[in-house]
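Annotation comment: Swiss-Prot describes His60, Asp104, Ser196 as active site, charge relay system. Here Swiss-Prot flags Glu72, Asn74, Val77, Glu82 as Ca(2+) binding site. According to Swiss-Prot, the feature disulfide bond maps to Cys27-Cys156, Cys45-Cys61, Cys129-Cys229, Cys136-Cys202, Cys167-Cys181, Cys192-Cys216. What Swiss-Prot lists as domain 'Peptidase S1' is 21-240. Annotation source Swiss-Prot lists signal peptide at 1-15. Taken from Swiss-Prot, the feature site 'Required for specificity' applies to Asp190, supported by similarity to another entry.
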Amino acid sequence: MISLVFVLLIGAAFATEDDKIVGGYECKAYSQTHQVSLNSGYHFCGGSLVNENWVVSAAHCYKSRVEVRLGEHNIKVTEGSEQFISSSRVIRHPNYSSYNIDNDIMLIKLSKPATLNTYVQPVALPTSCAPAGTMCTVSGWGNTMSSTADSNKLQCLNIPILSYSDCNNSYPGMITNAMFCAGYLEGGKDSCQGDSGGPVVCNGELQGVVSWGYGCAEPGNPGVYAKVCIFNDWLTSTMASY
């Protein structure tokens, strides 16, 4: 039992770090127009613009006030495409658990509407849950674990959604119906520290939010993502309430 508790604590420790793309590629500039950087003097998490007023991120990225940076590609350079908008509300899912990182989803209301343009566009919420085998793109400014990849420039990675059995075998007893795994069981490609809260987009829909995992790109330990499709009712009702 002690060892199990230790394993869960390690998982929580990884999950509360800011998650980065390993084994990916630099995104084509402004191809992920929904991607945002959450900033509190530094980039600490990603997020996804879902309409001009709201951003979806991970609940474990919660801070009471954040600056949302939109239209970014290189977060260390002023490129002229950026919009910096402070939050007016930050709302974690009411059933979020920091113990097992369950229901790891959060809404951020912008203090003013984002200006939609070539560099800033929302991503659609899912119309249904994507099946195993669906190819998706995860993106972020996290730790690339590479001496050559520039993590200041948005990194992308194409990953498949894994089956529940593969996911549960990787993390026995830890996967809830609010989570899914995506990536490669052989390792080498994954989201990692600095990507947390960022998007997993499949066929133009936001299916996942970068949530947790053991290490980065480790064999047998794929990335774990919040399953956005089961939160549609909460997302739409919460956005309508504020």
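Placement of Cβ uses the backbone N, Cα and C atoms for every residue, glycine included.
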Practice problem: Out of Cys61, Cys192, give me whichever of these disulfide-bonded residues has the highest number of other Cβ atoms within 10 Å. | Solution: Cys192
Quiz item: Could you state the CA-to-CA distance between Cys136 (disulfide bond) and Glu82 (Ca(2+) binding site) to the nearest Å?
Solution: 25
Practice problem: Let me know the most crowded of the disulfide-bonded residues, choosing from Cys129, Cys216 and counting other Cβ atoms within 10 Å. | Solution: Cys216
Quiz item: Apart from Glu72, Asn74, Val77, Glu82, which residues in this chain have a Cβ no more than 8 Å from the mean position of the Cβ atoms of those residues at the Ca(2+) site?
Solution: Gly71, His73, Ile75, Lys76, Thr78, Glu79, Ser81
Quiz item: Cys229 (disulfide bond) to Val77 (Ca(2+) binding site): how many Å between their Cα atoms?
Solution: 35
Practice problem: Name the one residue among Cys45, Asn74, Val77, Cys167, Cys192 whose Cα is closest in three-dimensional space to that of Asp104 (active site, charge relay system); these are the recorded positions. | Solution: Cys45
Self-check item: Secondary-structure category, per DSSP, in which Glu82 (Ca(2+) binding site) falls
Solution: coil
Quiz item: Out of these disulfide-bonded residues, Cys27, Cys45, Cys167, which one has the fewest other C-beta atoms within 10 Å of its own C-beta?
Solution: Cys27
Practice problem: Within 10 Å of Cys129 (disulfide bond) by C-alpha distance: pick out those among the binding-site residues Glu72, Val77, Glu82, and say none if nothing qualifies. | Solution: none
